[in-house]
């Protein structure tokens, strides 16, 4: 008979059926008892539990309520709360009286099933029968309030518990704390702890740990640090887990000095840091470029016989590799292996990235070969890093070969993969292959993002394919994807370089209607376009508008206007602009100095002007 059928059969069994069963089964049947031993209950299966309950309700006299509670508790641990509730109801129908323990089990199961009103009804019933709720009862109800989004009632219940003389335990506090954090009530969680202290109901280490952990997860390390200090004033000593949690949070939110101070404080108190503490600090110091401090911490860690793990080494290797300190990164890699710590995909990717960033593609490929030989399979990040390295080195054909190798390994390229290849082909002035990769991307079901479109538009414009760029741009505007300021700047620059300054100006003027604020590049592009067309007045008018309500002019703005006036022989206007530029702490750029030098040679300028510029 299936579990479902046995359950239905059991529900249909009436008291009279059970009484008739006495005649056949005898009054003294107690074979169920051995099945209720602690060891048997640990290995009890659900269908066996259903059968066992059936045996128990057919036995005469009925098993004791203690024996029923053992079975109900075992089923509750299986998380079969509905079955516990049903069996509890069946017991009442048969006249088996519940005790406080079984009422607690029932209330807990009802709360777990979000049937809080029924749980409260049972509470009322048990109190009428003279059973006062225990801390277990109230904790179950508290959990029900929290899961039922009735968090204010949960807080009120704890306050009421204290007033009634109950001593909230660790379960009480941690249940409510987790509920408060789930409902984004971090300040209420802190206030709860402080209120309980005032009422003489001191939360323990576990409760403080739960609040501090919640604050850290929410990105509030300052509040966590403040609570840690209050906790220690209350004579509750924090352990390494709490210190490490706060240190890690301080590190993640860039409070590196506070993290180091807390590390020193825990050390002075004799609380031994663990590998997690060290790894958090080392990673943070590496992110700040403080490699010597990070290395010192690693040395300190080794002196204390605290074994670094792969995370510790990865942080240092990644930092050194990015800064071009590749010898140091390789030494750390060798030390990892000497310590029998297996490098993982993150380790290899960091080294490959470092070598690619510093144009050492041969070594990057060697690391790639090594990781494959060690059965550490490369992922999309590995391939993207190598493809980008080859594309930057103008070796886009090698990048495409890597892309094919990636496919052979069953890896699907992502948006970054295709965008990198598109950019690489455009850099090599290979517009056909760039567009081919874009088409393949779409046919492979990989969705281009705005960066992909910007790369495509920029490549087409810079390679003199403005008409094709316009087709893509018009499609983009009709799609659900919103062009950004970079998109408009690319198109504006493409139009101006193609001599279509009026079209560029129309696009610039449309930005405010599209809700896009022009940036300094947008202004500089149009000012440069006007200057190349000989439209100095329009360029200067835009320059004034820029100073009044746009982004402030930068070095590029001034140098573009200075060169335009110099080419027209307007030395006075150029000198005035140079004076203004220098007051803004900008200097002449290479193009301006090149133009001035040429004009000095052919006599259009005297040496005094060079002094003005310098």
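Cβ from N, Cα, C; glycine included.
Annotation source Swiss-Prot lists transit peptide at 1-7. Positions annotated as repeat 'PPR 2' by Swiss-Prot: 99-133. Positions annotated as repeat 'PPR 3' by Swiss-Prot: 134-168. Residues or ranges marked as repeat 'PPR 4' by Swiss-Prot: 169-203. Annotation source Swiss-Prot lists repeat 'PPR 5' at 204-238. For 274-308, the entry in Swiss-Prot reads repeat 'PPR 7'. As annotated by Swiss-Prot, repeat 'PPR 8' applies to 309-343. The repeat 'PPR 10' annotation in Swiss-Prot covers 379-413. For 414-448, the entry in Swiss-Prot reads repeat 'PPR 11'. If you look up Swiss-Prot, you'll see 449-483 marked as repeat 'PPR 12'. Feature annotation from Swiss-Prot assigns repeat 'PPR 13' to 484-518. Look at Swiss-Prot and you will find 519-553 tagged as repeat 'PPR 14'. According to Swiss-Prot, the repeat 'PPR 15' annotation covers 554-588.
Tertiary neighbourhood of the repeat 'PPR 3' (134-168): same-chain residues 100, 103-104, 107-108, 110-112, 114, 116, 119-120, 123, 175-176, 178-180, 182-183, 185, 188, 192, 195-196, 199, 201, selected by CB-CB distance under 8 Å and a gap of 6+ residues from either end. Only residues 6 or more beyond the boundaries of the repeat 'PPR 14' (519-553), in the same chain, are considered here, and those with a CB under 8 A from a CB of the stretch are 485, 488-489, 492-493, 495-496, 499, 501, 504-505, 508, 511, 560-561, 563-565, 568, 584. Residue counts of the repeat 'PPR 12' (449-483) by helix, strand and coil are 26 helix, 0 strand, 9 coil (DSSP-based). Looking at the repeat 'PPR 11' (414-448) alone, the prediction's average pLDDT is 97.
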